[in-house]
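S.K.: Among the features that Swiss-Prot reports, substrate binding site is placed at Arg26, Gln27, Ala28, Gly29, Arg30, Asp75, Tyr161, Ser216, His332, with the record citing sequence analysis. Positions annotated as site 'Transition state stabilizer' by Swiss-Prot, on the basis of sequence analysis: Asp75.
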Amino acid sequence: MTDTGKPLLRVLQGEAVWPPPIWLMRQAGRYLPEFRALRDQADFITRCMTPDLATEITLQPIRRYAMDGAILFSDILILPWAMGQSLDFVAGKGPILGAIRSEADLARLDPKRVPDATAPVMETLSRLRAILDGPDPIGAAQGGRVTLLGFAGAPFTVACYMVEGHGSREFDATRGMAYSDPLLFDRLMATLTQATADMLVAQIDAGAEAVMLFDSWSGLLPPAQFRRHVIAPTRAIVQEIQARRPGVPVIGFPRLAGIMAAEYARETGLRVMALDTGADMAAMAGLLPPGMTVQGNLDPLLLLAGGDAMAQEARAIRDAMKGRPHVFNLGHGVVPPTPPEHVGDLVRTVREV
């Protein structure tokens, strides 16, 4: 076990801690008035790539709630942008990218650009680690108690946006390419797999104590494609991180994977499995490798609703995992209309002894 005063890091390393540590996906976001005040200062990419702004945004929920984890403020699409794919975030539409549909499109991507392009992200992580590990309180949080998390999009989910050129509910063009031009799609996935591993190692070197892979659209794939485009790339990334930076926990989040989630947990070599809202925590925990840390999985819409129902379900999830390494989180990200007071209520509920 890890000799550390950081509860989250202890649990990510496989130790059961009571009450469990808590952090939330999208804990730094539009539901916070202090985030909205900064949002008008710069566009989204500029906020991600400006260390002063990204550091401040990352720390906002730490100051307010003393979360046990601080996750880097960035975006899963920073990687394709860093490789040279055009990217813009359009109000009301979301991300717009220059779609990858041919060998010529793929050839324009240059993974060698990534270290220089993402240098501001690494500077943000370095600053955050110094602040979090320093002696001074960070608002409501004690210095030396908060774990710094890096992250990336998993290759399939990032490929969805790169091929489609925008967000979608089904990503038909992406899934179609995987069937109709498997060689091209495999080359894209291979490029993303190596670039993702390299970027996560760089994040670790810059200060991240654990990293998370978000595979938000993995649930779109049937089992054979899931094994090929979700499990295999994730396993390769985890193996690369373990070989280059042994002992650093990797959290996997195969959203909406359903019955494939257990196979994903067994076959990827991950230390931590994040479960989405649809998973029965206790039942799924019984299908996972012994001692594997579980993260999740309160419904974000129940957090939005708040009140006794939220508190009751939060206690039920927490109590069902007692005695097992468990990180309390949501089953997806905080939704923008969530009252900040509800997040505070949740944190207090989870930390009840």
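Cβ coordinates are placed from backbone N, Cα and C, and glycine is handled just like the others.
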S.K.: So, in DSSP terms, is Tyr161 (substrate binding site) helix, strand, or coil?
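M.R.: The three-state answer is helix.
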S.K.: Within a 10 Å radius around the Cβ, which one of these binding-site residues has the most neighbouring Cβ atoms: Arg26, Arg30?
M.R.: Arg26
S.K.: Just to confirm: which same-chain residues, 6+ apart in sequence, have a Cβ under 8 Å from the Cβ of Tyr161 (substrate binding site)?
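M.R.: Result: Ile76, Leu77, Pro80, Pro95, Leu97, Gly167.
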S.K.: Using Cβ-Cβ distances, find the residues under 8 Å from Ala28 (substrate binding site) that belong to the same chain and are at least 6 apart in sequence, listing them in sequence order.
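M.R.: Long-range Cβ contacts: Phe35, Ile57, Thr58, Gln60, Pro61, Ile71, Phe73.
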S.K.: Give me the Cα-Cα distance between Arg26 (substrate binding site) and Asp75 (site 'Transition state stabilizer'), rounded to a whole Å.
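M.R.: About 11 Å separates the two Cα atoms.
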S.K.: Distance between Arg30 (substrate binding site) and Asp75 (site 'Transition state stabilizer') at the Cα atoms, whole Å?
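M.R.: Cα of Arg30 (substrate binding site) to Cα of Asp75 (site 'Transition state stabilizer') measures 14 Å after rounding.
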S.K.: Determine, to the nearest whole angstrom, how far the Cα atom of His332 (substrate binding site) is from the Cα atom of Asp75 (site 'Transition state stabilizer').
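M.R.: Just about 15 Å between their Cα atoms.
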S.K.: Let me know how many other Cβ atoms fall within 10 Å of the Cβ of Asp75 (site 'Transition state stabilizer').
M.R.: 19
